[in-house]
């Protein structure tokens, strides 16, 4: 396979290099043919048998790189193969014959290039025009491009002649012009067009015309426009006919005119200009107005074509006296204390079509009565200012030009009492007209006695002053388009004044926009009051200059930091809103949006935080706390008052008053202080103990076994056991338990009731010498009074001189029994040592004594130590 491929390639390239020296192995015929697009074309490939062993059945046809389907092949013999194709585009211009050398290996044997083109289309739409009978131009539609050089020829001949004259276009293929005298008028002539190229020759349809009937004349030439003084509404037009050299060419005309300020043409009726002429007079024109006139013509018979419009000619009509009254209005000043006022008369300049000439001056008349002129003046401006009294006046203004005066314009000036503005009994509606950039004001009035209406308007702005503009309308009007320059997105204030015969002032006002847009600025919201669950929001209206339209409504959007947004719709007249059902101590963001017909605008975002406590909640907490505190204070005060004795005993004890002590009355045997001899004192060893203070509870409860502890007198230090409870060390000896003879244990007093004093007088404790018997004295008292000085100092107590027998120690506590009885009982107690060893001491009572509160014991004997006392936990035992 590779060998065959190499051989075929070698033979093909060798043929290409050597050219005529070596012949190709195949050849395609015809060579470089002209082929019509979208039509069948057949080509043949002829093989050379001497070149190489090939079969025509192995030939493959290609258009450029696309293989032609085999069903389009035709095998004529072993060396000839043909193909039929239909080229559809100019790209199908290369056809090659290829040989299949081995399996998929192909080689190109020969190829040709096709010239693809179209035949010319039949020329269509042939028309001919003779321009002012000076030349003849015919035009036609040549059809689509042929892709080949194509020749077009205009042919003509007279109807009964065999001579054909040709007209060959220059640089174009769709028209041809024949100059005079190569054509004749009033002779029927045949016209047709012939188109030819290398593929085909075609001819258009034959048309027949009289060239005189296809003439298009030149426009008439307006020579002048003539005006005449005294005829301010007429203009005479004079012109020259375009074909006046040919008397057979009769014309008809169309004349049109307009004012210089207008774009609308007015035409003279064609019936007035259907005859051949050279002048015409325009009538019913406006005086002192610039007009432009133009015209055209065609054959009177109606054959041929209308000429083009002539150049416009300008002229101004003559002046005439003004034909319309001035639009008059006034501005009244505030009256002074006498009612005198200033009045300013203002009036509009007359439109040119009403002024009918140049206005030279104005005549102003102010009448107090119809027959009594108050002021007459002539001015050349459009305003006049005068000072008038409080009475009613009528002002009249007349415009003057060179031809005369305008009709008078009257205006009533009210008296001072009627000069205050009131609301008029009319209804107005303003409709924007953006296409004409103006506003339409409509009103409905049931008032018949009016002299007309005055409409005032200005830009309603907060930053600029209102420069009022105005116009006057007749009394029969019910609507009017405002004459002025209006801009979108600006607010206009409009007032309508009915003009009454008595001059009183009344009006109705309205606002309007020519076109609305979105506001330039949104409303700025702020808080007026913030509570725990609500907030009052206020906002200022959007500035008038930034609204750009009427505010239809507002929307209020608010949300907490972690919550969803909520949007509320609010009326445009509101300026305050209350948000409710808010959460306490929460940050909220809020914004407002203003809406107009033209769009919307958001305001700035405002944030606020609700209160932690509601209004009055802190006061309630404080008041409640104060009440609770006061209750506790009162309860404590009441408790303290009820327990004042207990508190008094704990905070400050009741210090006894020595001056009120009655111990001296209880012990009459005790000598006075000055009789005591320290040297002979029975208590030379200074063993008289201090006074112990004992508090006895008032509760009348019997003592339990556990409350009483025995104390070993031998294990106690004498100084510890005999210390005083007042001013000195505490006496740790327990008080004695008083027991009645027959009634058991008596009621005892607690430590919170009575202060008891006891004095223990013993013999020489330190030396414990039994040689001398020193009497022992134990005294007790339940007095609440402090001890006397003689009681506190036992060293000052001396035995009475001259007594040989042992004397019982002075009785410091009052008793009702005799010393003998006391002595007897003490002896009995001493003998009964078992009781003393167990820590109990019998209380000595008089037989007749009923109360244990006044008992006194006298101890006399040779005892070497003090008797133990019984101690109760928490205080002294009652004695």
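For all residues, glycine too, the Cβ spot is worked out from N, Cα and C.
Since the structure is predicted, the reported quantities are computational estimates derived from the model, not experimental observations.
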### Query
TrEMBL lists region 'Disordered' for one of the ranges 781-802, 803-824, 825-846, 847-868; which is that range?
781-802
### Correct range for transmembrane segment (source TrEMBL, candidates 576-597, 598-619, 620-641)
620-641
### Task
Pull the DSSP breakdown for the domain 'Fibronectin type-III' (122-218) and write it out as helix, strand, coil residue counts.
4 helix, 49 strand, 44 coil
#### Entry: Model confidence over the domain 'Fibronectin type-III' (219-320), averaged pLDDT
93
### Secondary structure content, the domain 'Fibronectin type-III' (519-613) (per DSSP, counts of residues)
3 helix, 49 strand, 43 coil
### Message
Please list the DSSP helix, strand and coil residue counts for the domain 'Fibronectin type-III' (219-320).
### Response
4 helix, 47 strand, 51 coil
